[in-house]
């Protein structure tokens, strides 16, 4: 059903630039204008609702789909398409599937531009107001049609960053990759919008009409001033989103990104509601999910305890509802009001819900302003002489993560981490260890963890899985650690010595009087589907009521290409009412859930395992440590099949971009023989890129 609805929605975009669609659509709008729904209802039902229906169907499907598979499947052709095809420092890592998707989208943009421009040039209608020459008219129309390309990018812009309703969860695409698609679409939208505005200003300048046109707020037609405001807002958002600003001044990026509200409102006034219905689904779902996340983060919870590690990192232990389950590599969004009342930061969960029912943990490297402020609070608490630590409230969104344990389908796993990039793998290893104890499914026969750090003290980030590294009782799980220390040299030092020196952490137990609530997590998927469906019905109902009460008598007489700002304002009102009604429903559901909530069980986090020192030393000596250089991934990949066995190998990497590119290049090179069919039994490496924060 999702495939059919999506195909129909895409077909609308392909047919819209044609004369056939224009003629048929005008007739359909004339018929709809005389009904209680009006042309507004027709536009919403045809252009907007299909994408919303896909989101509703996707939520229902994820609710019904089994989360775990009992058997492991072999390699498939999809794995070949998902592997790196292009590895470049400028464009990053691109898979065959991504290149195919980007190529199809570029073809769609080219088709839309060609169809529109060819129709414009055939007509060559003179613009009486400007009295344009032929070449001037062509430039003016090209600039106008670039605006339509920007509109197409905007229609898809917000879908990749939907956390709970994302279709990418069904496809197994990591949230990091979907954020990258959001960045690509945003950059493309900026490019076409700038061409649209620059071309229009150029023609105005030639005809000396800039002072007359720039401040126009027409009652009907294109509102130029609204378009200028939306373009300037878009440029500000894009500039502050550049990596040079986002990584160094995250606060500027975070706050200016909320100007999207200003952009969407003025975009509506500039284009009119007929164009806005094409981009409305993404805006509708994003706004609804944003407010649902705000409801989900209430009430605030509290930090149970914290561990301050030697490498300027902290591990926070947070309470969770025993019924809350999540998959490894899941992320949560955290807000600590005592640091900032508005900023949310994402972190990978390092614990496993199979291991601990009552708590979950995150590992945070303290480098920026927000994380350094957290470290200062913890140090102040450690240095204080108070008998009881204070309570630190914390708001939590999530967890958000994949629906299935895809990494279990491989014969062997090669995990590559750099620095704080170890965090997603901590949950993966704990999940695998827990699954092996239960004996319910077939697991990867061997796992090798390549961990690259700058200094020896960073090895303390492995503390959550230290029991796994020391334990020899797992019969099937063969876990081997290779540590590479790049900026220090210690002759003869072993992994056991480094752990003994740097694994000590200072622990703080916090009070819990400020909140008795544990993290409950998002509402169930079928309730989310119900809320989305309810909100869309309410929007359609109010849109029809406003059409009948305020617009029907004017639409019978006038056939205007774009409605007045009054119509746009009524659309905003219907949208706001539908969202608020849905939030009321969500608050009631949340209140009912919390009323049944029991106070969280605060258990101390014991990490030590009962094991003899001789056995522990023997287990940890099997691991290796190298000093003064980075990992040679080509050598590691060539030796890995002989060391572990297995023909279907999953490669998961999390760390700096340069590390990901090196691993992707080695993965691409070592899987080349399988692609070319030279050696069918040659081990095949399947590449996956993870992220520890966003």
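Glycine is treated like the rest: Cβ placed from N, Cα and C.
Bear in mind that TrEMBL entries carry predicted annotations, made automatically and left uncurated.
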Annotated stretch (transmembrane segment, per TrEMBL) among the listed ranges 142-162, 289-309, 310-330: 142-162
Per TrEMBL record, range annotated transmembrane segment [choices 525-549, 600-624, 625-649, 650-674]: 525-549
Stretch-level contact, the transmembrane segment (44-64) and the transmembrane segment (252-269), CB cutoff 8 A, at least 3 pairs: no
Residues of the domain 'FAD-binding FR-type' (287-406) by DSSP state, where helix covers H, G and I: 26 helix, 40 strand, 54 coil
Cβ-Cβ under 8 Å with the transmembrane segment (223-240): same-chain residues at least 6 beyond its ends: 186-187, 189-190, 193-194, 196-197, 213-217, 246, 252-253, 256-257, 259-260, 262-263, 266-267, 269-271, 565
Long-range environment of the transmembrane segment (525-549) - Cβ separation under 8 angstroms, sequence gap at least 6: 36-38, 40-41, 44-45, 49, 52, 55-56, 59-60, 62-63, 164-165, 284-285, 288, 292, 555, 570-571, 573-575, 577-579, 581-582, 585-586, 589
